[in-house]
Amino acid sequence: MPGSRAQAFVRFALEQGVLRFGEFKTKSGRLSPYFFNAGLFNDGACVGRLGQFYAQALVDAGLDFDMLFGPAYKGIPLATAASIALSNHPARGDLPVPFAFNRKEAKDHGEGGLLVGAPLQGRVVIVDDVITAGTSVRESVALIRAAGAQPAAVLIALDRMERAGADDALSAHSAVQDVEQTYGIPVVSIAALTDILSLLEDDPALAQYRDAVSAYRGRYGV
Ligand SMILES: O=P(O)(O)OC[C@H]1O[C@H](OP(=O)(O)OP(=O)(O)O)[C@H](O)[C@@H]1O
Ligand SMILES: O=C(O)c1cc(=O)[nH]c(=O)[nH]1
């Protein structure tokens with residue numbers, strides 16, 4: 001993603017209250033001085049704009065794919081927004097952009113099961129908000145493969161650039177690099193932790209958070 005677009009995205013996330021500074025616990029149990037809560041992209045206009053950022057990042061990456069998959073819960077509206085924006089993107093012509101998502105708990109009535117939306121088939125792009133330790137992506141890859149489809153790429157809003165693993169046994173690489181190596185698929189991100197650090201450098205009102213975010217990167221990041 002070109003630097004200026006990544007910067008515009010980080011600023012957009014800040015304005016929506018999606019990007020926040022303070023103290024937050026991540027899914028992997030770390031105490032993070034910042035958090036990206038994509039659930040606060042919560043009205044039609046900003047979800048529309050978010051979808052355009054995702055679509056442009058995927059188009060710029062020049063990847064071939066057949067459909068999108070959004071992991072529950074927050075990946076569901078993200079994949080939906082990206083699908084709508086890709087359908088309207090001039091570079092995609094009239095190509096359809098089917099999407100699917102999972103339930104966290106299997107439904108045992110009606111249509112039943114874990115998967116909702118288009119049948120998982122062909123080359124599937126996983127659409128999510130962030131990668132921290134990579135757990136959500138690993139679960140999505142397993143679901144896609146179990147359905148007989150192939151994971152083709154991961155598309156995220158923010159690469160937190162963190163290494164997975166226990167504090168005393170951190171991976172040598174970031175979780176994004178581990179995903180790319182393990183599955184042989186690219187991870188495309190709209191922005192990364194380095195773009196947040198640039199924002200903290202550039203905006204005097206945010207300078208107070210710079211040291212904590214830099215220290216967190218020093219401890220867990222690449
Ligand atoms: O790389 P990881 O360590 O897996 O962390 C990132 C994942 O954690 C969050 O999802 P979460 O499972 O908390 O659920 P939600 O989408 O229901 O909020 C986030 O939306 C990512 O999917
Ligand atoms: O690691 C996480 O759980 C996590 C980090 C983050 O910035 N945003 C989010 O939704 N989850």
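Every residue, even glycine, has its Cβ placed from backbone N, Cα and C.
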Orotate binding in TrEMBL involves PHE35, PHE36, ARG160; of THR80, THR132, THR194, the partner in that site is THR132
Least buried by Cβ count (within 10 Å) of the binding-site residues LYS27, ASP129, THR132, ALA133, THR135: LYS27
Neighbouring C-beta atoms (10 Å sphere around the C-beta of HIS109 (5-phospho-alpha-D-ribose 1-diphosphate binding site)): 5
I'd like to know which of these binding-site residues, PHE35, PHE36, is least surrounded, judged by other CB atoms within 10 A. PHE35
List the residues of the same chain that sit at least 6 positions away from ILE131 (5-phospho-alpha-D-ribose 1-diphosphate binding site) in sequence and have their Cβ under 8 Å from its Cβ, in sequence order, or write 'none'. VAL137, VAL154, ILE156, ASP159, ARG160, ALA175, VAL176, VAL179, VAL187, SER189
Please check the binding-site residues LYS27, HIS109, ILE131, THR135 against ligand 2 and give me the ones with CB under 6 A, sequence order. LYS27
Out of the binding-site residues LYS74, LYS104, ARG160, the residue with the smallest number of other Cβ atoms within 10 Å is LYS104
